[in-house]
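Trainee: According to Swiss-Prot, the protein has these features:
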- Arg79, Tyr218, Asn219, Gly220, Ser269, Asn386, Ser387, Arg388: substrate binding site (BINDING)
- Lys227, His247, Asp296: Mn(2+) binding site (BINDING)
- Ala270, Cys271, Gly272, Lys273, Thr274, Asn275, Arg388, Arg419, Phe510, Gly511, Asp512, Asn513: GTP binding site (BINDING)
- Cys271: active site (ACT_SITE)
Amino acid sequence: MEPIPINAPDYVKNLKLLQWVKETVALCQPDSVCWCDGSTEEYDRLCEEMVNSGTFIKLSEQKRPNSYLCRSDPSDVARVEDRTFICSIRRQDAGPTNNWVAPKEMKATLNKLFTGCMKGRTMYVIPFSMGPLGSHIAHIGVEITDSPYVVTNMRIMTRMGRQVLELLDEEAEFVPCLHSVGAPLEPGQADVPWPCNDTKYIVHFPEEHAIVSYSSGYNGNTLLGKKCFALRIASSMARDEGWLAEHMLILGVESPAGEKDYVAAAFPSACGKTNFAMIIPPGEMEGWKITTVGDDIRLDQQGKDGRLHAINPEYGFFGVAPGTSDKSNPNAMATLHANCIFTNVALTPDGDVWWEDMTDTPPEYLIDWQGKPWVPGCDRPAAHPNSRFTAPASQCPVIDPAWENPRVLPISAFIFAGRRGDTIPLVYQSSNWYYGVYMAATMGSEKTAAAARSATCVDPFAMLPFCGYHMGDYFNHWLHVGRTVSDPPRIFIVNWFRKTRTGKFLWPGFGDNMRVLKWMMGRVHGRSGAVESPLGWMPRYESLDWRGLDGFTSNKFSKLMSVDREGKQELFSHEELLEKLYDRLPKEFTHIRELLLSTLWMSPEHWELAPELYSAES
């Protein structure tokens, strides 16, 4: 059978793209081809088609205008890390923390799976830009998919459509991203609301800068511009070209005097990343302003001024719904007022959405994420724990005025976070770039609130699932960046989750984290006092702004900042990962670890800020 025509619009000039689409049509055998233009009319048409097919449920126009609910197949609710592959030419370049298959072998497997995989479906061609259009840091990709769900989500999450193709001239490079739900339809066969396949592959070819995803419909596996391109492929590109692609939020911090800084922060799962990106300062800290640039990914390069400059490559927010509320993140809730797609949350009788912790008291009746009746106390969640929202970033009430600036934003500080009930203080500053890189490389979180130290999960730079090459080479690349940037960002480590012996959190968190952020900005500009500790530079009690938090005594602060000699156990917990990476581990890491261990051994058994220093100035 002859392949159908690709029907490329006149404004498509890129020869490589035209040839790739022709080859993909011949392989996948779709019934038709649609070149996505990114228009409102196209989005509305696809949403209406999915409502008619049962994939989407239109929410109340009064409660949630122009928004939709989608329920996935129960087997397709999250990223599939065990089916995610880095197919570098050499196995050792993927490293021991990634799954690897030889490229030739993987391509043979994928070729069989993709043969005829789009029969009975429409093939959509989605041109998109990861970053503001025209930015020298932005990168263009093209995703081919047979899922209208992917198209509508990509329109929210990326700058996509005709405007991107008009930037892609005849010889311009782009990253090809191929996706299929893996569920071809025979003539007359009825479709299902959420087509997918049990055989899943999420594959990256770093040398070719190419991505292939098969059989999943879940956003994290199908919105290929996000983790697949902007982190796994982009991190590999960044290593080769001398820049950084990181799993980090970006926020703006403006002082009452009008001094503006930009900060990037890496938070592992369940550490409050989106909440921090949209933090609201306490009312007593009048004049301080926080703006959001992005909540998940940043790309940056060195500027002529010797600093790192960054962009948010995304156009929307793809966030976890449960736990998001007017208490925890009012700015996020305001962002979700309209024009959103919700996946696997619960449906209220009046046509709105609900998820756990959204309100203090759950509704009396819901339809849960699997379409079943739900009432309080029925012993199952109303929303899936990994249920998601996709929302336009432009709707965020504190979006930074320069968030789409193609000239990029200078970064003053990096923050790396963990979730630890003990050992790690509230905040400290690394003494130098190399030490900061080591601390970021060994950052960890407890798997549960009651987990023992042995259950700590080490997640370097919050990049363990997303680094597209050997993690040891990744550490070396970070050290190299520090050697080439004349004015690098200052590096800080935070832990909002330190507890008392009875299990209560010592730090209030949420908006009060602004007090720590203010101290950091003072350190960046050489104004805030600090004390040298076994781990780095720490704030004195009087260095933080305590207005509105009068009950937080210096004694309580001392406990929050203390360092036990048991901290050496934290260093021992790093061994498993570092031994895995030993053949490419930076030599500096061995020396830094020994120096830290020696410092902890020689420190008092229980190190605390000395009270007599509280009033001293550095």
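Every residue gets a Cβ built from N, Cα and C, even glycine.
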Trainee: Which has the fewest other CB atoms in a 10 Å radius around its CB: Asn219, Thr274, Asn386, Ser387, the listed binding-site residues?
Mentor: Asn386
Trainee: Can you count the other CB atoms that lie within 10 A of the CB of Gly272 (GTP binding site)?
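Mentor: I get 19 for this one.
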Trainee: Find the one among the binding-site residues Gly220, His247, Asp296, Ser387, Arg388 whose C-alpha lies closest to that of Phe510 (GTP binding site).
Mentor: Asp296
Trainee: If the Mn(2+) site is taken as the center of the Cβ atoms of Lys227, His247, Asp296, which further residues of that chain fall within 8 Å of it by their Cβ?
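Mentor: Residues close to the Mn(2+) site, other than Lys227, His247, Asp296: Lys226, Ala230, Leu231, Ile297, Phe466.
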Trainee: Tell me, which binding-site residues from Tyr218, Gly220, Asn386, Ser387, Arg388, Asp512 are within 10 Å of Lys227 (Mn(2+) binding site) if we use the C-alpha atoms?
Mentor: Gly220
Trainee: Using CB atoms and a 10 A radius, I'd like the single residue among the binding-site residues Arg79, Lys227, His247, Arg388 with the highest neighbour count.
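Mentor: Of Arg79, Lys227, His247, Arg388, the one with the most crowded Cβ is Arg388.
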Trainee: Least buried of the binding-site residues Asp296, Asp512, going by other Cβ atoms within 10 Å?
Mentor: Asp512
Trainee: I want to verify one value. Collapsing DSSP to three states, which class is Cys271 (active site)?
Mentor: coil
Trainee: Report the member of Tyr218, Phe510 (the binding-site residues) whose C-beta atom has the most other C-beta atoms within 10 angstroms.
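Mentor: In terms of Cβ crowding, the pick is Tyr218.
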Trainee: What is the total of other Cβ atoms whose distance to the Cβ of Ala270 (GTP binding site) is within 10 Å?
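Mentor: So the Cβ neighbour count for Ala270 (GTP binding site) comes to 15.
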Trainee: Translate the DSSP assignment of Arg79 (substrate binding site) into the three-state scheme.
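Mentor: Its secondary structure by DSSP: coil.
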Trainee: Could you state the CA-to-CA distance between Asn386 (substrate binding site) and Ala270 (GTP binding site) to the nearest Å?
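Mentor: Between the alpha carbons of Asn386 (substrate binding site) and Ala270 (GTP binding site) there are 11 Å.
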Trainee: Tally every other Cβ atom lying within 10 Å of the Cβ atom of Cys271 (active site).
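Mentor: Other Cβ atoms found within 10 Å: 21.
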